[in-house]
Amino acid sequence: MEERHKKILQRNRTNLVKELDPSRLYDLLLEKRIFTQDMIDEIKSAGTRRDQARELVRDIATRGSRAFPLFVEILRETGHLSLVEALQEGAPLGPLQPSDPPVPRPVVQPLPIGQFMPFSSCFTTGLRLISLPRPAPDGDFLKPRPQRVRRDSIQSYKMDAAPCGHCLIINNVEFDPRSELNNRSGSDVDRERLERRFKELNFIVEVKTNLKQRQIKHELSALSNKDHSPFDCCVVIILSHGTEVSHNRFPGAVYGVDGLFVPVQHITNYLNGQRCPSLQGKPKLFFIQACGGDEKDTGFEFSPEDELAPSCGGEDDQTDAIPMSSSSDSLSMSDEPDARATLPTPSDILVSYSTFPGYVSWRDPRLGSWYVETLDHVLAENAATDDLVTMLMMVNHEVSQNSAKGLYKQMPGSFNFLRKLLYFQAQN
């Protein structure tokens, strides 16, 4: 939206919130393609009429250049004439380009009880032709073969924008000697793998190397300030040393090369709905290759007949572990009640960790980290057919089979607040 139109909305915000009846606008906002159904649902969930109006006015400012004149046109069609007059005083609209004709809404008549239509029958919705299922030879219906849904629906996120969205990779390799953090040999292998993989998944990939804490925050802020309206998703990947910190949302923190850390919960906040309105209702994905603490997991004896023999990591495998930055244990009983009481429900966010909170994450100096190598392999093999959460379970299983120095184990995990299935753009 043009800056002058945003200022007009801002000047009239009080009257809009006071007089606007959002329920009369929703159908037209969908028909004119200003909002998606997901965005409408988010506005409805705000609560009262005034709260919904406030959310609608805020969200309309994040849409494209035609959003303002179309919004005024909708206000006129729904009888909000005083608001139309107020908005037009500061922005003569001129003739509007004709919007797409509304799609006819089908009227489906219920079938009489006990009466069946012929199996070959079908009906027209105005959008597409839907055939009724045909019977099997024994009289039972054959269920239609399930197909992946590629539209914004209750089943899966819309992920067909070209390109799909931005992907920021922060790769910290060489650390200031004063930080007492070792250089991360092998991290460039991880960076190369993920840069190539997410380009193949149709993301705009930007790589930043060896950032201090302040620079990490700057890059995240810059990503938050971008207009994500044309895109369907946003990805942040951080490869660095990590530590365990007290938290009330997402655990863990990642280090800048100056030895100062940024909590993961602060990283996710940069892209939440309040800080980045153009990503509301869209999936925000965070992949963290860093230790969650300094504990080493020796695993436990387990020998089921149907499990494959675990693979062994190299003798020179390294960790991304840094001792916890607080004298108290963030997973202790004293922190548990507070974490549970204040845990929010941030929608459309997934944070994938290379290791379970509190434990080290293993990295081979020549081959890269277990987690990234496995994630890259799983995405290459399965992105065309499986959703993200299913693929992350595959990553969990494969990494759990490895052993470092013939002894230590690693278990990735994720905090998943996605509301739908997520399928990447991938070639079959």
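Going from the start of the chain as shown, residues are counted 1 onward.
Cβ from N, Cα, C; glycine included.
TrEMBL lists His241 (among others) with the feature active site.
Feature annotation from TrEMBL assigns active site to Cys291 (among others).
The compositional bias 'Acidic residues' annotation in TrEMBL covers 303-319.
Per TrEMBL, the feature compositional bias 'Low complexity' maps to 324-334.
According to TrEMBL, the feature domain 'CARD' maps to 1-90. Taking DSSP states H, G and I as helix and E and B as strand, the domain 'CARD' (1-90) has 65 helix, 0 strand, 25 coil.
The annotation domain 'Caspase family p20' is assigned in TrEMBL to 163-295.
If you look up TrEMBL, you'll see 339-426 marked as domain 'Caspase family p10'.
The region 'Disordered' annotation in TrEMBL covers 299-339.
Along the domain 'CARD' (1-90), the predicted structure has mean pLDDT 86. Counting residues of the domain 'Caspase family p20' (163-295) by DSSP class, helix then strand then coil, yields 39 helix, 36 strand, 58 coil. His241 (active site) has a Cβ environment of 26 other Cβ atoms inside 10 Å.
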